[in-house]
2 protein chains.
Amino acid sequence: METDKGLLIVLSGPSGVGKGTVRKAVFSEPDISFEYSISATSRPMRPGEIDGVDYFFKTREQFEQMIQDGELLEYTEYVGNYYGTPVQYVKDTLSEGKDVFLEIEVEGAKQVREKFPDGLFIFLIPPSLSELENRIKTRGTESDELIKNRMLVAREELKMMNLYDYVIENDRVDHAVKKIKAIVIAEHCRRTRIEKRIKKLLGVD
Amino acid sequence: METDKGLLIVLSGPSGVGKGTVRKAVFSEPDISFEYSISATSRPMRPGEIDGVDYFFKTREQFEQMIQDGELLEYTEYVGNYYGTPVQYVKDTLSEGKDVFLEIEVEGAKQVREKFPDGLFIFLIPPSLSELENRIKTRGTESDELIKNRMLVAREELKMMNLYDYVIENDRVDHAVKKIKAIVIAEHCRRTRIEKRIKKLLGVD
């Protein structure tokens, strides 16, 4: 029995919108059938984070070696740190027919779109710009200067919405999770993704 | 607060695939937010059917008058009977920002696609051609000649799959319902449908 290829699901959105929180909530659902691709980063570990779970933590030198060796599907330098997606895991998992979920920065998502135009791109937005500023401030790990910088970046990032298939308002985490799950189910029914298998099954062309 | 336009949701598929059963199951769900557009037909009422609930039952003469007066969004003559969608209800409901659900024959869906290219078109398929024949036979309301005719029509109808956005296998009614609900949620997050409102909301262009 022929199976469809796995979907590459990309969740992105402006800095501070809550991508990480939503991603964790998605993966705490009992009926999730997709695999999480863990990012690599050169930023320092935050309290409570675990290497190989939240990120693969690398030094700048290690990260730059990975770039040179073509081991990254995408990467970006953001507020002084590298973030990127190891490519091998993504390729292997998709070719097994499983869906892969990436939660990445806007700049990285742009690179993935170029390499995987058939990917499923979801853009998370804040309910308002002032709400976004509140969220960045409440995180409390950055200085005033960094917060100002982040807001400038975020406004630019919001303009990248045009590259995405879906836009989800992160008003409540459970709403966003429900919508992401629905989008993945729907995309598995998208005619252009499955018609080859279906037509073979029913003996029509 | 600006709202998005209502979605026109069209469920179709070959004769005997179980469109009516799936449609009824969809509308028996507690959290459905779309309106059902009741079709008009000139076919005789079957036992258990109610005028104005299952269909608006019309004579051939009444139906032909509706065609002449431009009161139908689509219509088709199928195995000797007319089936069609009264247009006014659909237009009124969409302009109120509500979703409208049509369950119609394949030929009618083609006409709706021409008038509403932005509609959401879902094609229901049987698990196999032999399963489709079983279902047509079990219905038990048609003669052998009609069954043979229906199977010929169904094979042609399956080829119309290309006009649809989504394809759902009707292996189990509850699976089909879950997928239809997911598709509607997903389409309300589709960037091209909502970006105008979202960009205004966030003050970006």
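Along the chain as shown, residues are numbered 1 onward.
Each Cβ is built from the backbone N, Cα and C atoms, and glycine gets one as well.
TrEMBL has this to say about the protein:
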type	residues	note
DOMAIN	B:6-185	domain 'Guanylate kinase-like'
BINDING	B:Gly13, B:Pro14, B:Ser15, B:Gly16, B:Val17, B:Gly18, B:Lys19, B:Gly20	ATP binding site
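In this structure, the binding-site residues under consideration are B:Gly13, B:Gly18, B:Gly20, and the one with the smallest number of other Cβ atoms within 10 Å of its Cβ is B:Gly20.
Surrounding the centroid of the Cβ atoms of B:Gly13, B:Pro14, B:Ser15, B:Gly16, B:Val17, B:Gly18, B:Lys19, B:Gly20, where the record places ATP, the chain contributes additional residues within 8 Å, namely B:Leu124, B:Pro126, B:Leu132, B:Arg135, B:Asn170. Its own atom aside, the Cβ of B:Ser15 (ATP binding site) has 20 Cβ atoms within 10 angstroms in the protein chains shown.
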